[in-house]
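Novice: First, the structure itself, so that you have it in front of you.
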Amino acid sequence: MKTVRVAVVGAGVIGFSTAVCIAEALPSCSVTLLADKFSPDTTSDGAAGILFAAKFPDIPLERQRRWFKDSFDHLLAIAQSQHSPEAGVMLSSGWQIFKEVPADKKPFWSEFVIGFRSMTDRELKRFPDHKFGQAFTTIKCECTSYLPWLEKRFRKAGGQLQQRRVTSLDELSSSYDIIVNCSGLGSKMLVGDNQVYPVRGQVLKVEAPWLQHFIRDGDGKTYIYPGVHSVTLGGTRQEGDWRLQVDEGDTESILERCSRLEPSLREAKVLSKWVGLRPSRRNPRVEREVVQLQGRRVPVVHNYGHGGWGVTLAWGTALVALGLVRNCLREMPPQAKL
Ligand SMILES: Cc1cc2nc3c(=O)[nH]c(=O)nc-3n(C[C@H](O)[C@H](O)[C@H](O)COP(=O)(O)OP(=O)(O)OC[C@H]3O[C@@H](n4cnc5c(N)ncnc54)[C@H](O)[C@@H]3O)c2cc1C
């Protein structure tokens, strides 16, 4: 029997991953996912969805390695199964190139991706402005397919959906026993977190089916990611910029930078332009607290602030959030679980 009512706020890759983990692992919970925007209208939907990561400054590296590994293994299993096309999860091989040799030639995630190695001089020759490069196979997870696939999994596990804007956690306190906050940038308003800020990213989708390898400049600003239906070209990283409109200056700059790396892109047809705001924070917030809401003490589990790495870390941090929900259940008075 389902006895504990759990609300998950947010229908991006973090919210759906977390909701699926909870609904599948805890049959005693009735899980409702609430959000004002669902796929294809979330930030997650526009992400290229390539898996690798940067280091967050204050989180022990071992924990970040675990987040990455759990996500990678979960998505690799999907990529190697019959679900791959429906879920939009596939292997992707290519190069990350650097104008200057980086201090850390072997990033912490290098042992989890497949076949990580330094590029040879012969491979680097086509990038005359770059001195160093890394070649590897990682995963590309396209959220326009992955989110509907997770939604199906969630419903199969008994989960329910509600489209609504939550203006305050107070609204949820009488209907739910545990609240899980996966509202991304929305956390600035919803839980008053002023540490969350946008990093604007503009990307283009182009038709270039001849491209099979990703190319990413190590500065994170210029990238070419071939996908199932198109190639994503990026990008921009504009901190504190809330503009959601396409900026034609950015469009030109993206096309110019990407074509310098891959001249054949000068022939590619632009299919669409998109802007998203990365829900950034110095460190993602994955923790629980107890909040006084309408006179009740309600456990709240937070899972947001993944910046430019939400697709990469979604499953790993969802598993941590699941553990935190389990801890809330353990600490509930017995009558709450009846
Ligand atoms: C251009 C670009 C490229 C990217 N490329 C990559 C990449 O290659 N790899 C990678 O790992 N990451 C990438 N990212 C980052 C990635 O998109 C994010 O980290 C990720 O989407 C964050 O997911 P989320 O679920 O936290 O947020 P979102 O997808 O924004 O979802 C937030 C959800 O919360 C809901 N919500 C918020 N507030 C409320 C409220 N008050 N009431 C109800 N619902 C609410 C929203 O409606 C939405 O459903 C990229 C981002 C951008 C912009």
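Along the chain as shown, the residues are counted starting at 1.
Cβ coordinates come from backbone N, Cα and C, glycine included.
Just so you know, TrEMBL annotations are computer predictions that nobody has curated.
So TrEMBL has the following annotated:
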type    : residues                                                             : note
BINDING : Thr43, Ser44, Val166, Gly307, Gly308, Trp309, Gly310, Val311, Thr312 : FAD binding site
BINDING : Tyr223, Arg278, Gly308                                               : D-dopa binding site
DOMAIN  : 5-319                                                                : domain 'FAD dependent oxidoreductase'
Novice: What's the CA-CA gap between Gly308 (FAD binding site) and Arg278 (D-dopa binding site) in angstrom, rounded?
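Specialist: So the Cα of Arg278 (D-dopa binding site) lies 6 Å away from that of Gly308 (FAD binding site).
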Novice: How big is the gap, in Å, between the Cα of Gly310 (FAD binding site) and that of Arg278 (D-dopa binding site), rounded to a whole number?
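Specialist: So the Cα of Arg278 (D-dopa binding site) lies 9 Å away from that of Gly310 (FAD binding site).
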Novice: Roughly how many Å lie between the Cα atoms of Val166 (FAD binding site) and Arg278 (D-dopa binding site), rounded to a whole value?
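Specialist: Cα to Cα, Val166 (FAD binding site) and Arg278 (D-dopa binding site) are separated by 20 Å.
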Novice: In sequence order, which same-chain residues at least six apart have a C-beta under 8 angstroms from Thr43 (FAD binding site)?
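Specialist: In sequence order, the residues whose Cβ lies under 8 Å from that of Thr43 (FAD binding site) (at least 6 apart) are Gly12, Gly184, Leu185, Gly276, Leu277, Arg278, Pro279, Gly310.
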Novice: Filtering Val166, Tyr223, Gly310, Thr312 (binding-site residues) by proximity to ligand 1: which pass a Cβ cutoff of under 6 Å to any of its atoms?
Specialist: Val166, Gly310, Thr312
Novice: For the recorded D-dopa site, whose residues are Tyr223, Arg278, Gly308, find every other residue on that chain with a C-beta no more than 8 angstroms from the centre of their C-beta atoms, and list them by sequence position.
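Specialist: Other same-chain residues with Cβ inside the cutoff are Ala47, Ala48, Val199, Gly201, Gly220, Gly234, Gly235, Arg237, Gly307, Trp309.
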Novice: I want to check the contact list for Tyr223 (D-dopa binding site): same chain, sequence separation of six or more, C-beta distance under 8 angstroms. What comes out?
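Specialist: Those within reach of Tyr223 (D-dopa binding site), by Cβ under 8 Å and sequence separation of 6 or more, are Ala48, Ile50, Phe214, Ile215, Arg216, Asp217, Thr232, Leu233, Gly234, Gly235, Cys258.
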